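*Asks:* Here you go, one structure.
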Amino acid sequence: MTSQKATLIGLVAIVLWSTMVGLIRGVSEGLGPVGGAAMIYSLSGLLLIFTVGLPDIRRFPGRYLIAGSVLFVSYEICLALSLGYAATRHQAIEVGMVNYLWPSLTILFAILFNGQKTNWLIVPGLLIALTGVCWVLGGENGLNPGEIISNVATSPLSYLLAFLGAFIWATYCTVTNKYARGFNGITVFVLLTAVALWLHYFLTPQPAMIFSLPVIAKLFTAALTLGFAYAAWNVGILHGNVTIMAVGSYFTPVMSSALAALLLSSPLSFSFWQGAVMVCVGSLLCWLATRRR
């Protein structure tokens, strides 16, 4: 496989991931936040067994296996439940934007814990990304503290999970980079996520799962999308141009919001798009801060 083809496949993964906010929310509306997520990750895990394969975890570095498992499962649960618990579809898209603080945080953590070299661009990058998220949360009024507080107060758990998830995923990326040694535990991690969600589903009171043709269609679409996205990303990382893929990933907030708005029939305000662009620009500046010499 050529590098160009592998890079293109990796970029397809970014587009696929961009649909997940809308798809996870759509499934959760029929099957519940926990039940819907459990179904998605169960089917995705089965798909990954056939696309990526089931690795021999006995060969994994211990720190990668333990830390990677805990962090990956925690992040995916935070993401899925933050979208499912959102009060409205529009709020689910906002929650997804909060989660996209992770690219900037990943670079910050790489600087703090992995010795990544940087320059002054990291400061405006982080500030712009954070401002963008606050701008989104302010609704039509943009950067309005009162409106932000009022908005978050309508579904505090949802926003808290998304914010926590951004930090967890940044930590996961840092740990993977430091301890993985070329091993890929994604199949195991997705299956563990499914197990954790099913335990939560059966051990706590949950709404009944109501299956309908639209919900089933969204469920299989979400599972296939998630499974193929991880498989495609793996091809890109192994054989493609990682730099191009990294730059492409920083435009995910805009793509994700556009696709979620389409899938959920939830139009977004001009102020929202301003905030989304800020998140992308801030993330790109953080990335450039580690590239300039």
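Cβ atoms here come from the backbone N, Cα and C positions, even for glycine.
Swiss-Prot feature annotations, pasted as is:
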type	residues	note
DOMAIN	15-137	domain 'EamA 1'
DOMAIN	167-285	domain 'EamA 2'
TOPO_DOM	1-6	topological domain 'Cytoplasmic'
TOPO_DOM	28-33	topological domain 'Periplasmic'
TOPO_DOM	55-63	topological domain 'Cytoplasmic'
TOPO_DOM	85-92	topological domain 'Periplasmic'
TOPO_DOM	114-119	topological domain 'Cytoplasmic'
TOPO_DOM	141-147	topological domain 'Periplasmic'
TOPO_DOM	169-182	topological domain 'Cytoplasmic'
TOPO_DOM	204-207	topological domain 'Periplasmic'
TOPO_DOM	229-243	topological domain 'Cytoplasmic'
TOPO_DOM	289-293	topological domain 'Cytoplasmic'
TRANSMEM	7-27	transmembrane segment
TRANSMEM	34-54	transmembrane segment
TRANSMEM	64-84	transmembrane segment
TRANSMEM	93-113	transmembrane segment
TRANSMEM	120-140	transmembrane segment
TRANSMEM	148-168	transmembrane segment
TRANSMEM	183-203	transmembrane segment
TRANSMEM	208-228	transmembrane segment
TRANSMEM	244-264	transmembrane segment
TRANSMEM	268-288	transmembrane segment
*Asks:* Can the transmembrane segment (183-203) be said to touch the transmembrane segment (93-113) if we require at least 3 CB pairs below 8 Å and skip pairs under 6 apart in sequence?
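*Replies:* Checked: the transmembrane segment (183-203) vs the transmembrane segment (93-113), no contact.
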*Asks:* Sort out the residues at least 6 away from either end of the topological domain 'Cytoplasmic' (169-182), same chain, that have Cβ-Cβ distances under 8 Å to it, and list them.
*Replies:* 61, 63-64, 67-68, 71-72, 75, 99, 102, 105-106, 108-110, 113-114
*Asks:* What mean pLDDT does the predicted model reach across the topological domain 'Periplasmic' (85-92)?
*Replies:* 91
*Asks:* Taking residues 6+ outside the topological domain 'Cytoplasmic' (1-6), which of them lie with a CB under 8 Å of any CB in it?
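*Replies:* For the topological domain 'Cytoplasmic' (1-6), the list is 235-236, 238-241.
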